[in-house]
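Working notes for the structure below.
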Amino acid sequence: MFRNLRGRIMRGEGFLRNISVLMAGTIAAHMITVAGIPITTRLFNPEAFSILAIYSAILSILLTLVTLSMHLGIPIAATHRQALSLVAGSALIIVIFTVVLSFAVVFGSHWIIGALGRPDFEPYLPLLIPGCLLGGGYALLQMWFSRRKQFGLVARTRVVRSAGGTGTQLAFGFAGGGPVGLVLGHLLYNGLGVFGLSRRLIRDEAGKLKELTVADVRQGLRSNKKFAIFTTPENLANVAAIQLPVLAIAANPETGEVGQLYLAQSIMMLPMMLIGSSVGQAFIADAPEYFRRGELWHFTKRVLRGLTLTGAPLLLLAGLIAPFLAGPILGEGWTRTGELIAWITPWMILQFLSSPLSTIFYIAGKQWLALLVQLIGLCLRFGVVLVAISMAPGWAMEAYALSGAAFYLSMLVVMLAVARKRQ
């Protein structure tokens with residue numbers, strides 16, 4: 001499969017090398033995660049995974065806000081100094097956001113729990129604070145080292161994150177630690193690599209970071225304000241369209257066990273992240289140059305063709321066999337997960353094809369269009385799930401899956417239209 005990927009995704013040694021390095025780390029990381037899944041499903045019941053689903057949903061929404069998307073400007077900054085100023089400015093925003101979140105958790109926990117409709121989640125609220133700090137820091141540093149094309153370093157941190165997160169979950173599971181083990185493992189998975197990347201950044205750039213002035217940081221943030229104005233609401237709408245329905249399903253006992261849905265999504269995300277995230281990270285590193293040369297459309301077609309011929313068949317196969325294998329592999333009580341995997345397969349295939357190319361909007365300066373697409377998607381997906389909960393709660397998860405397929409198909413069409421116009 002990976003030999004075919006080399007020949008199919010595109011012609012270009014640098015791009016292929018970047019993908020290969022990232023994929024090597026991603027493969028190793030996901031082998032650890034995959035090996036741990038059949039064990040964690042036997043150590044933790046679906047209710048424990050429901051707590052993890054709620055934590056993951058809230059943290060995912062918060063992480064779209066933690067840097068105001070300023071870190072996305074790092075790979076495409078015109079100069080090294082401008083990129084460093086964005087690193088410093090984004091780090092400052094992360095610290096401020098984390099402080100504000102801390103006050104919200106301390107003084108507003110009762111309101112938050114009331115809105116969630118899950119009193120059993122209250123003990124886990126404080127873990128959102130380090131989750132945001134570590135997750136935001138990792139996202140920021142990953143963009144910096146993508147700009148520097150140090151993909152080997154990024155790949156190694158993926159292995160560290162996976163080993164730390166999975167190891168924590170297994171340790172708590174064997175010790176009978178309850179849902180907190182799942183939550184702590186997820187927290188570490190999101191941000192464990194931040195420590196090694198931070199040390200490397202300071203080692204390589206300490207002198208230049210010290211030379212930055214307040215004016216540099218202010219100018220860097222001001223020149224990239226489009227990301228805060230358009231991209232942050234766009235990312236928020238994108239993530240909210242995925243996670244708000246999960247929270248709505250979790251709050252309604254008639255919809256079924258949301259932990260089953262969370263596990264189904266997590267399993268189907270593995271092959272998607274295996275190839276899609278590596279391609280997406282390499283795409284954002286090379287696409288600006290193709291855009292400047294007027295070749296973005298041809299570059300995008302080659303990448304999309306490679307994605308279609310490699311990862312999409314894997315996802316389709318997983319969806320076909322999941323209903324038959326979920327019980328034997330995951331253990332007693334998890335057969336519903338296999339059924340849900342089959343339902344979400346069309347959504348995951350279309351997301352796999354579109355997500356690596358989503359930076360086309362940023363590269364083409366069409367942040368406003370990306371925002372519009374995501375806002376429509378939020379209204380569509382959340383609205384469909386709310387209607388399903390009110391009319392047929394037992395089918396809410398299936399409605400959620402179908403709305404995802406409809407949205408990502410629409411987004412893919414719009415992105416390709418933008419790329420073609422810029423040829």
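Placement of Cβ uses the backbone N, Cα and C atoms for every residue, glycine included.
Remember, predicted model here, so these are calculated numbers, not experimental data.
According to TrEMBL:
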- 21-40: transmembrane segment (TRANSMEM)
- 52-74: transmembrane segment (TRANSMEM)
- 86-112: transmembrane segment (TRANSMEM)
- 124-145: transmembrane segment (TRANSMEM)
- 166-189: transmembrane segment (TRANSMEM)
- 262-285: transmembrane segment (TRANSMEM)
- 306-329: transmembrane segment (TRANSMEM)
- 341-364: transmembrane segment (TRANSMEM)
- 371-393: transmembrane segment (TRANSMEM)
- 399-419: transmembrane segment (TRANSMEM)
Taking the transmembrane segment (166-189) as reference, the highest number of CB pairs under 8 angstroms among 21-40, 306-329, 399-419 goes to 21-40
If we call contact 3 or more Cβ pairs under 8 Å (sequence gap 6 or more), are the transmembrane segment (341-364) and the transmembrane segment (399-419) touching? yes
Taking the transmembrane segment (124-145) as reference, which of 52-74, 86-112, 306-329, 371-393, 399-419 has the most Cβ pairs under 8 angstroms? 52-74
Per the Cβ filter (under 8 Å) with a sequence gap of at least 6 from its ends, the transmembrane segment (399-419) is approached by 241-242, 245-246, 249, 261, 296-297, 300, 304, 340, 343-344, 346-347, 350-351, 353-354, 357-358, 360-361, 364, 366, 369, 373, 376-377, 380-381, 384-385, 387-388, 392
